[in-house]
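Colleague: Sharing the feature lines straight out of TrEMBL:
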COILED    7-55  coiled coil
DOMAIN    99-146  domain 'FHA'
Amino acid sequence: EKDQEMIKKKEEEILKFKAEIQALQEASKAAEMSREEMKKQREEIEKSRRAALIDNGLSFDEIREELKIDENAPYILNISDDPTMTGCLIMHLRQGENKIGALQESNIVIKGVGIQDSHCILTCENYDKMTITPLGKSRTLVNGNYLS
């Protein structure tokens, strides 16, 4: 009789563990679907954002034309791990020195982690020669390579 009770108890425990395993598998499956849904949603948002920019007459070429910016003028374009954020900011550079940093008196104000008050100077000569001068202990990179 004790053996029967013990067997019944163990069977109940096994059923309980099976139910827990099934619940975990379902939760894992739901999380995976959520990730895929989030990815699709991000892609749809990016597509909608690009379409809205074009529909509203804000294509890159139209901005240049409207603001009378030379098509050869250099510019800075933001890049992000998040594709919906890449290309959201375009900062055209003027001839001569372009001071970049977090201070309001900078020509191009950028705030964020790692951006110094006076971060660097981009010197633009005739739209065909660019010089980057890091300032202080700023972390300045070009194509992923540190400048010193």
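Including glycine, each Cβ sits where the backbone N, Cα and C put it.
TrEMBL does not curate its annotations; it predicts them automatically.
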Colleague: Kindly report the helix/strand/coil residue split of the domain 'FHA' (99-146) according to DSSP, in that order.
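Modeller: So the domain 'FHA' (99-146) is made up of 0 helix, 21 strand, 27 coil.
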Colleague: On the 0 to 100 pLDDT scale, where does the domain 'FHA' (99-146) sit on average?
Modeller: 89
